[in-house]
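J.: Pasting a structure here, questions to come.
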């Protein structure tokens, strides 16, 4: 089938063609012409760009009319049909032969080569040489503004000026005025087998019908004009035997069916249809008036600006069953949305479907980098996952972006048809390229989206993903292919010798911009988000003269508290003549983080702390620790004193020194440090490292590997890997130590608030109701603890109505010494006395 089409979009690999009746098709780059195809083959074989081969955007412009032939109709996975076309003159003009050629004929041609006096043109007729003189191409080239010459593969509307040697040689013209004035006549001997779309003819109205009219032309041909191609301003004034000017739209030789158009832009050969203003596409119109309804096709509407629009039958209702023809009487008004524009019909295509009217995206241009979108899984392939974002909009999730970690078997996590929430990494509307990510860290990120180098201001903190980890550092990528370097010294506050062992491809991390040169597209980054001093650095002890090293690591001393500070205790070592001042960081008061804070709260200046271990002397101050597990490890010689003693598989007790997005640094007594990467931190999936560890936390770590040259250690903190064998005994020992420390804290509390120590969980006491809060919880007084808040949640009131001043019996649930709060319950099932 031959059709007249209009170029809608041009990419490097295909032409998108608007066809009559709202249809569309595609011309692959291999279906342009013989000469162009040979250049493509040569370029692929040589593996380098050819100067004489121009890209499709250099040869074709949107809005240009072309003659096409249907080569195939393919059905996609989702049931959509794709029309493949060719504009190769050898296929479009295959019914023509040299003896049929006549002066005045208008047909398609393609530039084969440039000669001294003009161009050789391929018109697809075997045995005929077609020549276009420079003089007949000059004004066309000037108007086209695509360079000083025609290019190989360029498609032309060619008018035959002269036929020589029985059609073996023809002279052509592409002068716009000559082409526009051309009209097909009987003298040109057109037949139904070689009739071409794009020909302008004089025709006579033979019959009028509700859906169009029947015309006769070129003496004995008949053709149909459907309702979409009648001139809207004259549609009511056509009459039988009227002579009109018409353009051949399509020819189907096998069925002898010819379609014609009476729309003004096609009535001059080489004309161009009107374009739709860009801002109208996607517009939602509250009231569109029905002009005509065709029960087998759809409805024509008049829009708010007076133009006409067409809605296909399937776009008039949600389903075929819910379709009501009676709702589309002439004059009725409906809400609709412009979803497309048919260049060949010069008519908007609209939809009345609610889901389309409400749809966030209609075309690739509506999507912006960084947008969070909902999609449906279409297919899973080795390169990644194809996702349908909207009708006609598809995106690719590369395999490294299917999850925060690399999935070896993505088919176990995702199924065809699953709804997924993605974020747009890159969107190129021209190339219809959409790259998405499913990494939760990126999808849920609240940090700024970095999509161009100009926005990369020093100090900006954002999320990026690692694409390469090497000896020199990490390459991190952002949106729209923006990428930068994190040099080795900016990977962490702790030295990292082998970045490739710590970081992995696809890993999402927070980064800070250090420096950017937008013109050179150079970006310098850092994983060190802040240069603020750590808690231990806030307190400095500056002795008048350098101390002699009196104590060895592991030595046990008794200390007296000199001063309480926000992050620890300043102490003096007892039985030392020089009154040496030392420092116990708050988190070194106990193996348990909560107990450390509680103990700090209860201690007072002047208190003596027995059995504190000398941990380190960094030259500025002595660091002491009261962590029982660390002290035991040193005393039982379950430690390494230097790097040479470390062996893979060892279990070592230490404490968290630093928590980074990519892992945890652990320090051991005697100063050896190691890194537990994110993947080796927990038996559970780790999204945020800070959810699992805090600085100062006591941990048992297993040595995974060592780098003797760089003196670096990689660790494993997974509980399943770090047990010595008897996990039950280890757990009971930890609990025993925890309760022992709690008892010590209770003894300290007795000094300042002896009565509070009597309030133990499970004790029954009498209290007086003070009031009820807005959330339903109640406040009490009368406990032996003055200045403490006694509360019961709404649940623990047990549905009882209470009034201010009432005396009630309650059960103590929990005593929070840090917040000076006592939590109690009035529930009967808890207050019942248990039998002894």
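Cβ from N, Cα, C; glycine included.
Pulled these from TrEMBL:
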type: DOMAIN; residues: 1-88; note: domain 'S1 motif'
type: DOMAIN; residues: 104-175; note: domain 'S1 motif'
type: DOMAIN; residues: 198-263; note: domain 'S1 motif'
type: DOMAIN; residues: 282-353; note: domain 'S1 motif'
type: DOMAIN; residues: 370-439; note: domain 'S1 motif'
type: DOMAIN; residues: 459-528; note: domain 'S1 motif'
type: DOMAIN; residues: 554-627; note: domain 'S1 motif'
type: DOMAIN; residues: 649-718; note: domain 'S1 motif'
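Describe the structural surroundings of these features, if you would.
T.: According to DSSP, the secondary structure content of the domain 'S1 motif' (104-175) in residues is 13 helix, 34 strand, 25 coil.
Note: the domain 'S1 motif' (198-263) comprises 3 helix, 37 strand, 26 coil (DSSP; helix = H, G, I, strand = E, B).
Across the domain 'S1 motif' (459-528), DSSP assigns 10 helix, 35 strand, 25 coil.
In terms of DSSP secondary structure, the domain 'S1 motif' (554-627) contains 13 helix, 35 strand, 26 coil.
The average pLDDT for the domain 'S1 motif' (649-718) in the predicted structure is 88.
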J.: Counting Cβ pairs under 8 Å that sit 6 or more residues apart, are there three or more between the domain 'S1 motif' (282-353) and the domain 'S1 motif' (1-88)?
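T.: Answer yes, regions in contact.
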J.: So, does the domain 'S1 motif' (649-718) come close enough to the domain 'S1 motif' (459-528) to give 3+ Cβ pairs below 8 Å, pairs being at least 6 apart in sequence?
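T.: Touching, yes - the domain 'S1 motif' (459-528) and the domain 'S1 motif' (649-718) meet the threshold of 3 or more Cβ pairs under 8 Å.
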J.: List the helix, strand and coil residue totals of the domain 'S1 motif' (1-88) as derived from DSSP.
T.: 20 helix, 36 strand, 32 coil
J.: Could you name the stretch, out of 1-88, 554-627, 649-718, with the greatest number of CB pairs under 8 A to the domain 'S1 motif' (104-175)?
T.: 1-88
J.: If you run through the domain 'S1 motif' (649-718) with DSSP, how many residues end up as helix, strand and coil?
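T.: Its residues fall into 9 helix, 35 strand, 26 coil.
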J.: Counting each residue once, how many in the domain 'S1 motif' (282-353) are helix, strand and coil under DSSP?
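T.: Here the numbers are 7 helix, 36 strand, 29 coil.
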J.: Could you give me the DSSP helix, strand and coil counts for the domain 'S1 motif' (370-439)?
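T.: The composition, in the requested order, is 6 helix, 38 strand, 26 coil.
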